[in-house]
Amino acid sequence: MNQSLLRVESLAKSYHGVPAVRGVSFTLERGEILALIGPNGAGKSTCFNMLNGQIRPNAGTILFEGQDVTASSPRSMWRRGVGRTFQITATFTSMTVRENLQTALLSHAGQLSRPFGKANRAFEVEADALLDRVGLRGQADRSCGELAYGDLKRLELAVALTNSPSLLLMDEPTAGMAPKERADLMRATAAIARERNVGILFTEHDMDIVFEHADRVMVLNRGELIAMGAPDVVRQDRQVRAIYLGEGLVHGDLAAAQVRH
Amino acid sequence: MKRVLIAALLGGTFFGSGLAPTRADDIKIGEINSYSALPGFTEPYRKGWQLAVEEINAAGGINGKTLVVVSKDDAGKPAEAVTAANELVSSEGVAMLAGGFFSNIGLALADFAKQKKVFYFAGEPLTDAMVWAHGNHYTFRLRPSNYMQAAMLAEEAAKLPAKRWATIAPNYEYGQSAVAVFKNLLSAKRPDIEWVGEQWPTQGKIDAGPVVAAIAATQPDAILNVEFGPDLVKLVREGNTRGLFKDRAVVSFLTGEPEYLEPLKDEAPQGWIVTGYPWYGIHTPAHDAFLKAYEAKYNDHPRLGSVVGYTLIKAAAEVLRKAGSTDTDKLVGAAEGLSFPTPFGNATLRAIDHQATLGAFVGKTAVQDGKGVMVDFAYRDGAKYLPPDSEVKTFRPAE
Amino acid sequence: MALYLAQFLTGLAGAASLFLVASGLSIIFGVTRVVNFAHGAFYMVGAYVAYTLTERFEGAIGFWGGIVLSVLVVAALGGLVEILLLRRIYHAPDLFQLLATFGLTLMAEDLVVIIWGPEDLVGPRAPGLKGAVEVLGQAVPSYDLVLIALGPLVLGALWLLFHRTRFGILVRAATQDRDMVAALGVNQKWLFTAVFCLGVGLAALGGALQIPRDAVNHAMDLTVIVEAFVVVVIGGLGSVGGAFLASLLVAELNAFGILVLPGVSLVLVFVVMAVVLVLRPNGLLGRAEAPARGTGQMSSRPWRPLDAKAQFIALVAVAVAALLPLWLGPYGLAVGAEMLIFALFAMSLQFLMSTGGLASFGHAAYFGLGAYGAALAVKSLGWPMIPALGCGVMLGLAGAALFGWFCVRLAGVYFAMLTLAFAQIAWSAAFQWTAVTGGDNGLLGSWPDAWAASPRAFYWLSLAVAVGGIGALRILTFSPFGYGLRAVRDSSLRAEAIGIGRRHTQWVCFIVAGGFAALAGGLFAFLKGSVFPDALGIPTSVDGLVMVLLGGVGTVSGSVLGAVVYKALSVWLISQTDYSKLVLGAAIVGLVVLFPSGIGGFFSAWAGRRRVSTRATAAAPVEAAE
Ligand SMILES: Nc1ncnc2c1ncn2[C@@H]1O[C@H](COP(=O)(O)OP(=O)(O)OP(=O)(O)O)[C@@H](O)[C@H]1O
Ligand SMILES: [Mg+2]
């Protein structure tokens, strides 16, 4: 049978009575790269947090591989095969880069309750393979607390891949990176999606990235989806343009993207 | 103030207490007390035993040998007291242990003495368990116990017309057993009385206002008090202000001791029946001699602690003298039944339970010249306030 | 009815006294994040200074003038402490300031005795307020009425200060977001100093106002500090209004509670705190603590298992320790055994604090449960020593499992205070349950079996257990479980997102730490031959904390060093002087200033630097060749 990897229906969330996300519905297929864009405060992170179980929606359902996971915990989402990165990086700052991955790999293998044996000898090969993938191999033994921001973002991605996810949620994966780095990272990510047939939902303020890599684009504004479709279609959408024209900075990005295509 | 500070920092008391110069043929007593935790009691206490040591050595020491007291602080903790005892016994090679203030420290030391087979002479700890429930072959106690003081006070209390009684006592073993014994003895003498109320504030943390109001609400004719120290001050002040003690008899443990009565100055309670130490009004040759020597040496008057410290070391010296040896069994043998002089008159270390028959003064409190004092007091010989021997035997565990 | 009104009014007066102290503590914590252990000491010094001044000056002006003057004097003293001591260590790891202020408290307790003498001091009554007023036939002290009015007055004044002045607005802003205020270009240094002075001044006022009711004495600080903390936490950290509410709650519950249960004051505040925290994890009016940005807690050097050289050093140290009985006498061995026992206790707390990121203020509970469990097994069941130790450990594990289940629901200082509440509840059980525990007279006669009775044998036993326990905890730290723990500590967000359950992991950690503490406690019972409630009292918990902080929270097992140094120092000082607290306190303050990352932290940093520099010189020629 042919069910979607992720099917979201009428998802809603409000904070202290103020709606942040209202009736968002969409689907995501295996191997598809879907971008969620929108101005600051549109509700993108809120959507991500609901999808990985970090916050509970007020209404709506989330179906993952056909199963209702609406009120699941982040832990069970991880076990089902969802990996995510955070907008503000969340890493284990007292560990080295490799240890961050080893911890995640141990968790995935269900070995984190083992009270003996050296954790930093576990899954070295797997960890290094992932580091290679995101271009961090050279930094493997550095303390994660002293990494540059861009490297932390890479590490986030590597960690999110440790459970061989079928769905990857990436909240602003390239924020704070240099343009060249951004392109590299997204290319690597896209490759993973194709290779492993992983569905990717990501959000991004850099429109170059969005329009280059996304198969489809959704636009969120004030908690509502106002457009969805192929990049070219969305780009031409008048409502979208109106919103982005109001945002000087992002408008610049959008214009730049248009010039290049 | 600054000078005081510097003097204390440099002075002998600072690093000096444990470092008396000793020679091989000295006789050493290891002394432990809560010097840092209870300076109010232990300062006069130390002065007392230092005077005793001086007098003993001036009179030729113990069978020709110099007496040395090696003194240690226990910081108010039983575990530290055991450490100190260990040091005194193993490193200092003392002939016996002496001292203690808190009951639980006394008990810890007594148990240590039993385990290590060392002679222990407790000074201050009042709990009956010291010589009865947890009594042992090696442990002796100088001061009149909880039971004895309760018996002295119950005797007076029985004479009062009061029928409705309330109690205020700190919420720990000392307060609990003082109340229990007093209740038993008084109820036995006066089956007609009623116990109408009780308050058990936490020791050191009495919230005096609510306690006083709660006691007043039970409308007692008389009150038994076991509070002491800062708690007593708070209770007295609050009780005076709220009129709790007006037209009520109060019977109170230890309140006549200068340590507790003096700080209250003109706010001292009046007409309470108390146990204590009226140093200003005792006119016996034994006490006169002690008082004169103490005042000459320290230019200060003695507190009860001074008497305890002085008498403890004097009695210990008698034990050592009589034993003629530092062998523990000989010391125990010498101590059992030993009669010794004290500033209050002669006392005996009972063979049956190792309790000394030292007594206490019972009298009434009053304020004179803006100071709290005891009046109408009389010395009560401890020997008369102990249960019959047949009962005492049943209190002590079989050895 | 009249009684209830009188009780209510008395409760209000008590609440006012409590509020003054607690509000100062709350303000200081809110802005500087300093857990000011010395707050009680300032309260006490306030009372002493006020005693001196009010005794000197006569009349109403003399009395109230003396009180105001004493507040100013003590506030200035507080300012001095802040400038000379705290400023140096704001950037030290969390709770390190607690260690410094603990040192100050120790010093203060001895200094007041040196300056004012050992006797309790009874100061003058407030002129014109000596008597009582009749309220429905009940006498209510007129001074109480003054206090009752003063509570809301101070609350109002603080409200005006915080809402109507630039200083106050900055203080509130700093309470919410320190970095933000710093970014606004406010001189944070002087803001902190001013806040510290204000808080200390309130403590001094609280102390000074006790003069007409209390006896000024050198133990006043301890009676107030814990209660003040409890009030601050019940109210919600940094919330002055919350502190006011909580003072009311605690004082009134106490005033009415004793009518029903005359002994209730022993545990009341802790029970209230436990209940409030279980129901409201951030106190009555507190907000969730914003996660501190870039916690300076962890050094950038990741933890490593001992390398060959360090292993060799550790082995030599253990070998030397094992050979000590050749030189040491029975006393030395007993002290040595005590140091080893506390090293294990401190290490168990460090596992909880450093690896688990859970600072506990009540770790003595499990130490004490272990001691009681072992002693009870010996006394009541007649078990031999080793099974009795096992019984102690089981009791400790059970206690930790029960209490921990509630505690790990909380975070930060709230977690710490809930552990304290449970420890105090356990303490009061030991204290009150005379039939089983012997009450404060303790359990006597828990001496080791014959085979371990000699000082040497017991020392070796302690050494084996301590080395085994510390080793086991180190292995655990570097095991997958330890990594899971550190993951949760570093970022619970990320940890949850990779399938690690925060609560479960921390709960297990809590239980493990409790078990090892209980093992240490069991040995302690056999070392001393007796157990008393103070084994699970606050001072024992504080000792453990001091050892960990002294050793270095940022290290895996620096606490072992901390325990050895602290125990050796304190045993030696208590034996040598009656002013051990003064010297020990000064030593702690000195160590704090010299080693802001702890002694262990200092050494590991030093070793780390050496390693880096040797590697750098070794690598240099290679690089040059390229
Ligand atoms: N925990 C919270 N409590 C209250 N309001 C919140 C909370 N989290 C988010 N919001 C509000 O919800 C709205 C959506 O926030 P969200 O973080 O999802 O936006 P976003 O699209 O991710 O923005 P950005 O591009 O800045 O990351 C915002 O108005 C935000 O202020
Ligand atoms: Mg966002």
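Glycine residues also receive a Cβ, built from the backbone N, Cα and C atoms like all the rest.
Keep in mind the model is a prediction, meaning the values are calculated, not measured.
Look at TrEMBL and you will find C:34-51 (among others) tagged as transmembrane segment. Non-local neighbours of the transmembrane segment (C:34-51) in the same chain are 21, 24-25, 28, 66-67, 69-71, 73-74, 77-78, 81, 86, 90, 95, 97-98, 101-102, 104-105, 108-109, 112, 115-116, 121, 123, 196, 199-200, 203-208, 210-211, 214, 216, 218, 220-226, 228, 413; each lies 6+ residues outside the stretch with a CB under 8 Å from one of its CB atoms.
Feature annotation from TrEMBL assigns transmembrane segment to C:98-117 (among others).
Look at TrEMBL and you will find C:145-162 (among others) tagged as transmembrane segment. Same-chain residues lying 6 or more positions outside the transmembrane segment (C:145-162) and placing a CB less than 8 Å from one of its CB atoms are 9, 12-13, 15-17, 19-20, 23, 27, 126, 129, 133, 168-169, 171-172, 202, 205, 209, 240-241, 244, 247.
Marked as transmembrane segment by TrEMBL: C:190-209 (among others). When Cβ-Cβ distances below 8 Å are used as the criterion, the transmembrane segment (C:190-209) is approached by residues 17-18, 20-21, 23-25, 27-28, 31-32, 34, 36, 39-40, 42-47, 49-50, 66-67, 70-79, 81-83, 86-87, 90, 147, 150, 154, 167, 170-171, 174, 181, 220, 224 of the same chain, each at least six residues removed from its ends.
Here TrEMBL flags C:229-251 (among others) as transmembrane segment.
The annotation transmembrane segment is assigned in TrEMBL to C:258-279 (among others).
Marked as transmembrane segment by TrEMBL: C:310-328 (among others).
Per TrEMBL, the feature transmembrane segment maps to C:340-366 (among others).
Residues or ranges marked as transmembrane segment in TrEMBL: C:386-406 (among others). Same-chain residues lying 6+ beyond the ends of the transmembrane segment (C:386-406) with a Cβ under 8 Å from its Cβ atoms: 274, 278, 362, 365-367, 369-378, 418-419, 422, 426, 446, 449, 506-507, 510-511, 513-515, 517-519, 521-523, 525-526.
Sequence annotations record features per position, and here TrEMBL assigns transmembrane segment to C:413-437 (among others).
Per TrEMBL, the feature transmembrane segment maps to C:506-527 (among others).
Summarising the annotation, TrEMBL assigns transmembrane segment to C:582-607 (among others).
Only residues 6 or more beyond the boundaries of the transmembrane segment (C:340-366), in the same chain, are considered here, and those with a CB under 8 A from a CB of the stretch are 94-95, 321, 396, 399-400, 403, 407-408, 415-417, 419-424, 426-427, 459, 462-463, 465-466, 469-470, 473, 476-477, 482, 485-486, 488-490, 506, 509-510, 512-521, 523-524, 527, 535-538, 540-545, 547-548, 551, 553-560, 562-564, 566-567.
For the transmembrane segment (C:258-279), same-chain residues at least 6 beyond its ends with a Cβ under 8 Å from one of its own Cβ atoms are 7, 227, 230-231, 233-234, 249-250, 406, 409-410, 414, 417-418, 420-422, 424-425, 428, 431-432.
Of the candidate ranges C:98-117, C:413-437, C:582-607, C:413-437 contributes the most Cβ pairs within a distance under 8 Å of the transmembrane segment (C:229-251). Under 8 Å from some Cβ of the transmembrane segment (C:98-117) lie the Cβ atoms of residues 34-41, 44-45, 48, 51-52, 81, 85-86, 89, 216, 218-219, 221, 225, 542, 545-546, 549-550, 579, 581-582, 584-589, 592, all in the same chain and six or more residues away from its ends.
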